[in-house]
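Quick notes on the structure that follows.
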Amino acid sequence: MNTVLSVQGASAPVKKKSFFSKFTRLNMLRLARAVIPAAVLMMFFPQLAMAAQGQDLMASGNTTVKATFGKDSSVVKWVVLAEVLVGAVMYMMTKNVKFLAGFAIISVFIAVGMAVVGLK
């Protein structure tokens, strides 16, 4: 008769690496070796780095974006409706009031964000 012994879990404790172990001297040298050439190129060619002489390639789509996501668009209404439905369902599932009030907070963030970018 053969008996099988099974062990659940790891056989040896696994030590978790610290977040700060990524900031070693060797990793910082590798980062500097990658960043310094780009910084030197931007210093010698600032017009390419800052696009000082360029034209706005997205200006032609500005009216389309305002029509799609503007003040009276149906996309905004559908997003708000989806927020309300998801908040209600999550509240019913968890009985946590945070989910119920979450749609109001997200709606405020969306309204402020649209005002900042000029869509309202």
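Glycine too: its Cβ is placed from the backbone N, Cα and C atoms.
The structure displayed is predicted, hence computed values, not measured ones.
Under the heading topological domain 'Periplasmic', Swiss-Prot lists 1-73.
Residues or ranges marked as N-acetylalanine by Swiss-Prot on the basis of similarity to another entry: Ala52.
Long-range contacts of the transmembrane segment (74-94) within the same chain: residues 68, 100-103, 106-107, 110, 114, each at least 6 residues beyond the stretch ends and with a Cβ under 8 Å from a Cβ of the stretch. For 74-94 (among others), the entry in Swiss-Prot reads transmembrane segment, with the evidence type sequence analysis.
Counting residues of the topological domain 'Cytoplasmic' (95-98) by DSSP class, helix then strand then coil, yields 2 helix, 0 strand, 2 coil. Under the heading topological domain 'Cytoplasmic', Swiss-Prot lists 95-98, citing similarity to another entry as support.
The transmembrane segment feature in Swiss-Prot is assigned to 99-120 (among others). Within the chain, the transmembrane segment (99-120) has long-range Cβ neighbours (under 8 A, six or more residues past its boundaries) at 65-66, 69-71, 76, 79-80, 83-84, 86-88, 90-91.
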